[in-house]
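Novice: There's a structure below that I have some questions on.
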Amino acid sequence: MGNFRINSSDAPSFILTGFPGMEAMEPWLSLPLLLFYAISIVGNSLILLIVKEEESLHQPMYYFLSLLSVNDLGVSLSTLPTVLAALCFRARVITFNACLAQMFFIHLFSWTESGILLAMSVDRYVAICNPLRYAAVLTNTRILAMGLGTVLRSFALILVFPLLLHRLPFCHAQNVLSHAYCLHVDMIKLACTDISLNSHYGLSIVLLTFGLDSALILISYVLILRSVLAIASREERLKTLNTCVSHILAVLVFYVPMVSVSIVHRFGAGLPHAVHILMSILYLFVPPMLNPVIYSIKTKEIRRRLLKMLFRFKR
């Protein structure tokens, strides 16, 4: 195949990018990212510990929250190695297979998070619109099936990406990525052939996962709002809506940066590279960090147990 290197023994390597033009400041610029990682890992681990230890939290809503925390840990840990290597140790070269594996897990956890947020909206819908059948509808078996179904859906859809990428030739002397981690849209731009199949498949999957999930979440909240407005007491309406605030914030924290990144990637070719980096940071780093903060602040049971743990640690 001449210069086209597509065999595993002759696979190309990729070069990770930190903050172009600010290389001397990268160790300092990496400090906020390391803080994001610390908050995400510690926060989500505490959520899992609290739900496990607190028997009053052994309910469907908190089981779904635990799934979200596990997934957020996966998002953080899948980007952490290369971000640390590139920004703190200037180790910027990553092999094709390692890049492929990281890309697989980043997209797997991202799409799984969308499905978990949809499952959480179903939980809120049943709890508010059909409270008498809440325990009968959302049994442990059904929760497990919903969780496994979400993961399997994401796995089946992402499994095609490595197969499509293996068929692409990468013939440049240097394959420089736009970030300190590997994304599908970033990798295919470096191929030396037509990437329309990869691009069209990626777009269709985004519509099938993020598009469908966000539409169903919106429908669930329209039904929830209709049910809440039928409640006579204003105080009861506010109390009922307050049980949804944490989930609504988690949905916004996930979908707003994701939509912004998609718009910047597709229509922001003329924007400074710093904008692309900022948007990708918001997309991958902020949701895993903010989700445990949101639920710790807005959920009384979690907040109370967390304060009790902190007080015990202080003593």
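Glycine residues also receive a Cβ, built from the backbone N, Cα and C atoms like all the rest.
Sharing the feature lines straight out of TrEMBL:
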- 43-295: domain 'G-protein coupled receptors family 1 profile' (DOMAIN)
- 28-51: transmembrane segment (TRANSMEM)
- 63-87: transmembrane segment (TRANSMEM)
- 93-111: transmembrane segment (TRANSMEM)
- 143-165: transmembrane segment (TRANSMEM)
- 203-224: transmembrane segment (TRANSMEM)
- 245-268: transmembrane segment (TRANSMEM)
- 274-295: transmembrane segment (TRANSMEM)
Novice: Using a threshold of three or more Cβ pairs below 8 Å, and leaving out pairs closer than 6 in sequence, do the transmembrane segment (274-295) and the transmembrane segment (143-165) count as in contact?
Specialist: no
Novice: For the domain 'G-protein coupled receptors family 1 profile' (43-295), what's the model's average pLDDT?
Specialist: 90
